[in-house]
Amino acid sequence: MIVPVLSRQALRHASVARVALPSLTRWYASYPPHTVVKMPALSPTMTSGGIGAWQKKPGDKIEPGEVLVEIETDKAQMDFEFQEEGVLAKILKDSGEKDVAVGNPIAILVEEGTDVNAFKDFTLKDAGGETSPAVPKDEPKNESTASAPTPAPTPAPEPENTSFTGRFQTALEREPNALPAAKRLAREKGIDLRNVKGSGPGGKITEEDVKKALASAPAAGAAAAAYTDVPISGMRKTIAARLKESVTENPHFFVSTNLSVSKLLKLRQALNSSADGRYKLSVNDFLIKAMGIASKRVPTVNSSWRDGVIRQFETVDVSVAVATPNGLITPIVKGVEGKGLESISAAVKELAKKARDGKLKPEEYQGGSISISNMGMNPAVQSFTAIINPPQAAILAVGAPQKVAVPVENEDGTTGVSWDEQIIVTASFDHKVVDGAVGAEWIRELKKVIENPLELLL
């Protein structure tokens, strides 16, 4: 007995839905033993469907898992698969036919070895006739469709109904009709079997078909391998492990503010002009110093989460993010609360050079109590958020300076607009250590110092 499988992907990751449908009927009568394949119901509410492309033609053998025909509904296009062997003897509904009622005959199948030519003149009437799609109960019944067909001179015996279990799958999800060797070769060579025409029995793709496709499309094969696997360095593995740990273990929260740096830039220019080349201060040097002052005023931020305790540090050791050819590293400027701007600037430059040259000592990058990551050298970066450097509890992310129009009130009472240099900074805090109000207080102290930069000189 020939048993079909209907398959359909109802959802992207849907499990197989099992159904039982009386879609096969076994007939004997004046024709050789055969099976009538009927239009299946793909859902409880389906009353009719359309016939898509037939994947087999009369005389073709059907093997387990092969698609016989596509069934179309108003929502999807389904494959009609079989799980046992048989031969297609007659197609009763051609491709493109619409509104074929559920239960109406669509094809005839026979066992292998049966004379298919015996079904050349086989008609729908021979298969038991067809009915119209079910009519809703509130509509009058059409008497013409309810009348029985003219009985045949020799009544056929009662059909043997066969139920089956099956599953549904969209046609797009269909596995290519290919021999195992062809599938293996296609997988090795990166060939998409959906683009290969089969020359084997029933359109099955052979190994030779895959070889021909490979020879005729060298460009496609080259495009499929257009990438390079870069070995992961030890440093990259360390960065990945630490940042993954931080995101997983530290509940981040973020506080942002706009810093007016117009006064700071004027002070920086004045100090650099009077330095006679002894130093050249950067905005980052001022920010590092300001972080030291803010962290002494709000010491909770200058802490780290340890097993059983929160460790609060006496000195503010700022880890400065430096990009190197091998990845990001954070050398430490220690005790910034007690250092002057010139000393901080010299330490940052020396540590950054060592970092790029790969000459940092472990004690120069291991530890630290708080971090800063500055992308201000890139004018495209207005703001960003940074991941906390564990086991620290805070990191400051610094964007590029932006000219912002701000309203001003003149001495004569009139109003106008002036341009102000501003930087957006965003602090990331570990909520295990720092509460929201504490983080906001730290940002307020940082803003106060930066916008009144003479405090940095005290």
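Every residue gets a Cβ built from N, Cα and C, even glycine.
Keep in mind the model is a prediction, meaning the values are calculated, not measured.
Residues or ranges marked as active site in Swiss-Prot: His431, Asp435. Positions annotated as domain 'Lipoyl-binding' by Swiss-Prot: 34-110. According to Swiss-Prot, the domain 'Peripheral subunit-binding (PSBD)' annotation covers 177-214, on the basis of sequence analysis. Residues or ranges marked as N6-lipoyllysine by Swiss-Prot on the basis of similarity to another entry: Lys75. Annotation comment: Swiss-Prot describes 126-164 as region 'Disordered'. Annotated transit peptide per Swiss-Prot: 1-28, in sequence order, evidence recorded as experimental evidence.
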CB contacts under 8 angstroms to Asp435 (active site), restricted to the same chain and 6+ apart in sequence, sorted by sequence, are none
Using DSSP, how many residues in the domain 'Lipoyl-binding' (34-110) fall into helix, strand and coil? 0 helix, 40 strand, 37 coil
Starting from the Cβ of His431 (active site), draw a 10 Å sphere and report how many other Cβ atoms land inside it. 13
